[in-house]
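Following: one structure in structure tokens, then a few remarks.
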Amino acid sequence: MPYDATDASPTAPAAAPGRPAPHTCYLDYAAATPMAPEALEAMLPYLSERFCNPSAPYALARAAKADFEDARARLAHVIGARPDNVTLTAGATEANNLAFAAVDGPVLTVATEHESTLRVAEAREHAFVPVSPEGLVDPAEVARALTPQTQLVSISLANGEIGCVQPIRRIAQVVRSERMRRLEAGQKCPLLLHTDASQAAGNVSVNVSTLGADLVTLSAAKVYGPKQVGLLWAADGVELRPLTLGGGQERGVRSGTENVAGVVAFARALELAEELRPQESRRLAMLRDGLQGRIMAAFPWAWVSGPRSGKSRLPGLMHVSFPGLEARRLVILLERVGVCVGTGSACAASKMRVSHVLRAVGVPDDVAAGSLRITLGRPTTAEDVDYAARAICDAVRQEAGRLGIDPATGRKDVI
Amino acid sequence: MGKRVYLGMSGGVDSSLSAALLLEQGYDVKAVYMRNWSRDLPGFKCTWAEDLADAERVCVTLGLDLEVWDCEREYKQTVVDYLVDSYAHGLTPNPDVMCNQTVKFGTFADRAFAEGADYVATGHYARAVADPADPAGATTRLMRAADEHKDQTYFLWRVPRDIFARTLFPVGGIASKAEVRAMCAERGLGVERKPDSDGICFVGEVGIRTFLLDTLERRAGDIVDWETGAVLGRHDGAFLFTVGQRKGLNLGGGPARYVVRTDVEKNIVYATANRDCPALWTSSMDLADVHLVAEDLPEGDYLVRTRHTGELRRAHVTLTPSAEHSQAPCAEASAASCQQAGLAARIDFAEPLRTVAPGQSAVIYDGLRCMGGGIIQRPCD
């Protein structure tokens with residue numbers, strides 16, 4: 001579909017809200033992914049004929065129980081774990097809450113974490129490990145920030161806003177040597193490493209033995225599975241403590257009738273994401289680099305946040321700031337032509353607050369206000385990226401023009 | 001460039017169309033979102049962020065800049081505190097009247113004019129019309145809107161008189177809300193299906209009860225029969241009840257009962273089962289804290305409205321100097337409403353009407369023209 005620039009003009013209400021946009025180009029896959037057709041197909045029978053409660057005693061229910069446990073085994077297999085160590089939850093937020101509930105003492109995390117980690121951390125004694133301007137955690141800083149009382153270190157494998165992939169394996173080594181030191185010193189205080197790998201799955205490896213963490217969170221909603229389905233993997237010997245009491249499902253850790261349909265779909269979705277990961281991550285990185293090249297060539301004054309190195313960066317994510325512009329207006333102009341992009345983490349955007357992630361990495365508030373988070377996904381094509389690049393360039397030029405900002409230099413015209 | 005107009009935008013249908021119309025009329029428009037209240041209440045999520053997003057969409061469509069002005073402090077002090085204080089004194093105030101006086105045509109207008117605005121504009125259904133007898137345009141009349149069902153002059157009687165000469169009400173001359181919605185749709189503004197937001201904006205759907213209980217303490221007291229003095233039941237705070245109220249007495253069956261009077265000092269709610277109870281009817285009322293929109297208000301016959309879009313009733317209105325009026329009998333009410341009283345008025349209706357809760361506004365009209373209004377006092381018997 002050719003991009004029609006007139007649609008972006010304020011005088012042409014052709015693509016006004018309520019009327020169909022000329023082309024839909026969804027580029028906010030870090031906020032939500034559409035379900036993979038395979039995962040959708042896998043779950044449907046469990047919403048109708050295979051609806052039974054897995055705890056019931058008759059054959060039909062036992063079949064549902066068996067399918068549920070099969071899905072758990074497949075999820076475990078994808079992440080290189082044993083099924084007994086996987087607890088299924090209603091999404092990543094719950095899994096993160098459950099991970100923190102495993103310990104009582106002080107926690108160590110980073111200021112760029114997702115709200116579901118930050119809010120839980122703030123409810124108890126906590127400290128932050130500093131991050132670099134690229135958003136990366138230096139394992140040596142973790143070693144420095146650990147105290148003999150620290151009981152949990154929680155650092156996301158990948159940040160969903162600026163896309164940095166943390167060196168969890170090396171952080172795990174730091175945690176292990178502190179554990180060893182405590183053992184040698186006869187100190188009984190436990191220490192666990194938790195990583196939320198929700199945004200990383202499908203982009204980088206989430207094999208639990210490679211990561212070296214003690215607790216790993218995953219979400220179905222970010223890997224083309226259903227929302228409100230997730231898991232917490234816990235290493236052998238880590239005792240989880242329930243937050244939801246009731247019928248004692250999930251070995252008593254998470255009561256509530258099992259979401260058989262959701263978990264079956266999660267298993268299929270995660271299998272597929274892992275299977276496609278090598279080629280998809282390469283393909284998305286190429287598309288993203290092309291998009292970034294186009295935007296930066298047009299607006300050399302724009303800022304790209306996150307790591308420079310491709311290895312430490314989510315392949316489909318680009319976080320770009322246009323100083324002096326308002327991202328919320330750009331989003332409206334872009335939606336007019338069917339392009340959906342985020343202004344940062346959707347949770348923070350809805351409250352119209354400056355992103356805590358950008359603050360933590362030192363982006364000034366006025367620059368942060370002009371930030372778009374563009375995330376490509378499995379359905380994204382080269383044509384989509386081409387269309388979006390032109391739409392973004394047009395929207396930025398239009399807004400810059402309105403504000404008297406020279407689109408070539410980013411400077412305010414002096415008359 | 002045309003004259004500079006600062007438009008208060010809420011994200012609603014009326015202010016959105018106002019923005020489009022002002023641009024079409026060639027004005028140099030600056031859109032401002034006044035953030036007055038952003039706090040969530042139990043069971044109610046404040047919609048300010050969604051409203052701002054709607055306003056922003058309209059502004060982007062029209063190529064307008066939108067600024068957010070933080071008016072929360074003024075709003076809290078002059079509207080919310082007034083509201084709570086009035087209820088605590090057993091009155092039933094109109095917070096929107098205060099908001100127009102102190103925020104929209106106070107803080108907002110002052111700052112707009114200080115920044116060089118020629119006019120301020122809002123999406124109110126009202127008309128500001130130059131006095132035909134004064135070609136210089138120094139005096140401007142406030143007139144009811146073309147759409148009588150939407151007319152909002154009831155909420156504008158306390159606005160400082162001299163502002164109307166520099167105020168534009170772009171939707172005030174449009175015949176109906178349906179037409180306003182159609183005009184929004186024609187222009188692709190995308191807000192034409194938003195519901196009307198009548199009532200106290202920040203209380204929204206939560207209801208005044210939840211709002212008051214967020215600040216004021218419940219206090220158990222008697223519901224007393226107005227005629228016999230018998231105790232009918234218990235209530236949880238006389239300040240939560242309003243004259244004329246029928247629902248919420250929870251007397252457990254029996255005939256429908258109406259609140260006749262509340263006594264917040266003794267914490268008693270008086271109720272009656274007699275719809276024709278004389279105390280539920282009135283043919284005259286005293287106003288304090290009278291404010292004139294017109295230059296003056298000669299004694300005579302006018303039309304008076306005692307609630308938003310309520311019936312316009314014929315009445316004889318007499319201005320009285322406040323000193324003679326707000327004496328001891330109204331001392332209770334004075335804390336909240338009589339304080340800055342400059343003028344008072346006496347209203348004698350041609351026909352009796354249902355008693356109006358003290359604290360409400362009575363607004364006086366001469367034909368279509370809004371002359372001013374005042375705060376209804378507790379009957380002094």
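Including glycine, each Cβ sits where the backbone N, Cα and C put it.
With B:Gly8, B:Met9, B:Ser10, B:Gly11, B:Gly12, B:Val13, B:Asp14, B:Ser15, B:Met34 listed by TrEMBL as binding ATP, the candidate from B:Gly123, B:Gly172, B:Gly173 annotated for that site turns out to be B:Gly123. Secondary structure at B:Met34 (ATP binding site), taken from DSSP and collapsed to helix, strand or coil, is strand. In this structure, the recorded positions B:Gly8, B:Asp14, B:Cys99 were compared by how many other Cβ atoms lie within 10 Å of their Cβ, and the smallest count belongs to B:Gly8. According to its DSSP assignment, B:Asp14 (ATP binding site) is helical. Counted with DSSP, the domain 'tRNA-specific 2-thiouridylase MnmA-like central' (B:210-270) comes out as 9 helix, 19 strand, 33 coil.
Distance noted between the C-alpha atoms of B:Cys99 (active site, nucleophile) and B:Asp14 (ATP binding site) is 17 Å. Cβ neighbours of B:Met34 (ATP binding site) (same chain, under 8 Å, six or more residues apart in sequence): B:Gly8, B:Ser10, B:Trp69, B:Cys71, B:Val103, B:Lys104, B:Thr107, B:Phe108. Taken through DSSP, the domain 'tRNA-specific 2-thiouridylase MnmA-like C-terminal' (B:343-376) splits into 0 helix, 26 strand, 8 coil. If you compare every pair of Cα atoms in B:Gly8, B:Met9, B:Ser10, B:Gly11, B:Gly12, B:Val13, B:Asp14, B:Ser15, B:Met34, B:Gly123, the residues listed for ATP, the longest distance is 16 angstrom.
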